[in-house]
Amino acid sequence: MFIVTAEQMRAVDEHTIHKLGIPAASLMENAGRAIAEEVIALCREEGMGSKAADRKGHREPGKAERAHTGPGDLQGYGGDIIADPALVMARPGDQHWYMLIGKGNNGGDGLVAARHLLEAGLGVTLVYAEGPESLRGEAAVQRDAAAQLGIPALVHGREAVDFSRCTGIVDALLGTGSRGAPLGAYAALIEAVNDSGKPVVSADVPSGLNADTGEVYEPCIQARVTVCLALLKRGLVQYPGASAAGRIVVRSIGIPARLVPEHGPSVRLLTEEVLRSSLHVDTDRLRAPDGHKGTYGHVLLAAGSLPMSGAGLLSAKAALRAGCGLATWALPAALLPHIIGSVPELMLAVAAEGDSGEWNAASADAVLRLAESRDVIATGPGLGRFEGDTGWLRRLWQQTDRPLVIDADALNMLADAGRAGPRDWGQRSAATILTPHPGEMGRLLGMPTPEVQRDRIGHAARYAREQGVTLVLKGARTVIATPSGEAYINTTGHAGMATGGAGDVLTGIIAGLLAQGLSAEQAAAFGVYLHGQAAEQAALRRGDPASLLAGDIIDAL
Ligand SMILES: NC(=O)C1=CN([C@@H]2O[C@H](COP(=O)(O)OP(=O)(O)OC[C@H]3O[C@@H](n4cnc5c(N)ncnc54)[C@H](O)[C@@H]3O)[C@@H](O)[C@H]2O)[C@H](O)CC1
Ligand SMILES: [K+]
């Protein structure tokens, strides 16, 4: 599923109307109709104004919905005749919905929805944010149709609006044409709606949400359901916007998704389907029946220091669990006695001499030598900082042609590389994957963490393109961005993954997948997906996400 910006949506919309010749009125009709259907679906689900038998959330028309159009039993003539199933409910007359109408096309969608709800037998009242005379184009056509049908209308500021009288509210105030925080009547209506506690169905996006970044302005509608029209908007999959949206239902309205790549870099929701079809990840083919441990690649992990040896251990175990044939952990000499025997499947190699348990700049020689007979290098977890560390990382970057996964303190070394970023170190010929959390991303970009979080997709995609790397921006809805400017938004995982070591596990998984021959894009996306899915399994086993340990994720892989 594609995820678009408001500008991309507009471009695809224009393409559909002006090049394909689909009338704008058809798109608005489909949009409004979809919103009305989701209002009815919500009413059914919540048993709002309907019979107990109708409270199960199913969309099958109930008994009362079957129209027997003549005397006697029609079944004798070949079966029931059922009125439009999507719009039928048991006792529609108990429902009265207020339809908030803004002056743009979002308002036009709301007006179409009002017509369909009226047709279904619900009570509807229009609440215009501004005088109806301010509507233009298609929205004005819908305003006039609604007026001719006699749908009652109030105008904010002219008549009192009492939300306690309605059963629910459709928010068609602001859509993708919204700019900045809602102003004037829009802000007043949003505040009153949120205070009312009534269920809200938002048209396209909750009004007050930045559709591109997920930033919520003051005020912003808190929706029960958001009926996203045509294509998923970026702001709906990023927090805090994702929380304001409630349940998101993406409804097609006649705009072909295949037009998206013509209008800018594509961002997709990372699902199993996308992994298989767009990313061509075929797990059945990862293991050859006649393979041996050399077939599945050898990971070299340069990680861990005395106070943080567990990080290295987690990464190494995760790489093995992800399926690489062999893993070698390069570590400071002083760690060796503590580690020996803890993971018997793992090979250990001393890279940094001395009894401090820390890394040093000279250890780059040892790491580079070890890398010659390994397929992938991963570094960062538990590494710590040391004198000359940025130069150390620079040597790895420049002097090995092996794929490189860079995490944790190695990212902080990268951040010290200079304003221009590692692109100054030259383009690597092999895959380079960076896995920052928002704080590390902020250091890479030289900006505060909240600024990164304000537009995760935008920052990740820009950095990956400018620096020529594959970037994994961790956090709720992890973003995977590629050097070509494409991105994937992960759908797996939960808040229980906010626990020490979870990132080290991800580094190991990605390295383990790279070793098996996956491309940077495949390994990063599949690794993130698997990491989240394993954490879901582990939380199910434990019964509570909060008690998840990073090691549980490895066990569940
Ligand atoms: N996907 C499609 O192609 C279709 C989308 N539809 C719907 O149309 C809206 C986008 O409509 P647009 O007219 O471009 O913008 P809005 O309705 O969002 O409203 C813009 C309107 O509001 C004023 N405004 C902007 N920002 C603010 C603010 N902060 N406070 C107050 N007022 C503001 C501005 O002046 C404009 O007049 C899309 O979301 C869909 O719902 C089509 O119906 C079908 C095709
Ligand atoms: K809206």
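Glycine residues also receive a Cβ, built from the backbone N, Cα and C atoms like all the rest.
Note: TrEMBL annotation is automatic and uncurated.
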Co-listed K(+)-binding residue [TrEMBL; alongside N106, D171] among S134, S196, S207: S207
One of G446, G503, G508 listed by TrEMBL as binding AMP at the site of K474, G475, A476, R477, T478: G503
Among N105, N106, D171, A476, the binding-site residues whose C-beta sits under 6 Å from ligand 2: N106, D171
Per DSSP, three-state class assigned to N105 ((6S)-NADPHX binding site): helix
Close-lying binding-site residues around ligand 1 among N106, T176, R179, S207, G382, G503, where CB distance stays under 6 Å: N106, T176, R179
Of N105, S207 (the binding-site residues), the residue whose Cβ has the fewest other Cβ atoms within 10 Å: N105
Near-site residues: K(+), ref N106, D171, S207, CB cutoff 8 A to centroid: L100, G102, G107, G110, A172, L173, L174, G175, S178, S202, A203, D204, V205, P206, I221
Chain-internal residues, separated by at least six, CB under 8 A from R477 (AMP binding site): V237, Q238, Y239, A242, R456, I489, N490, T491
Cα proximity to G503 (AMP binding site), best match among binding-site residues N106, T176, G382: G382
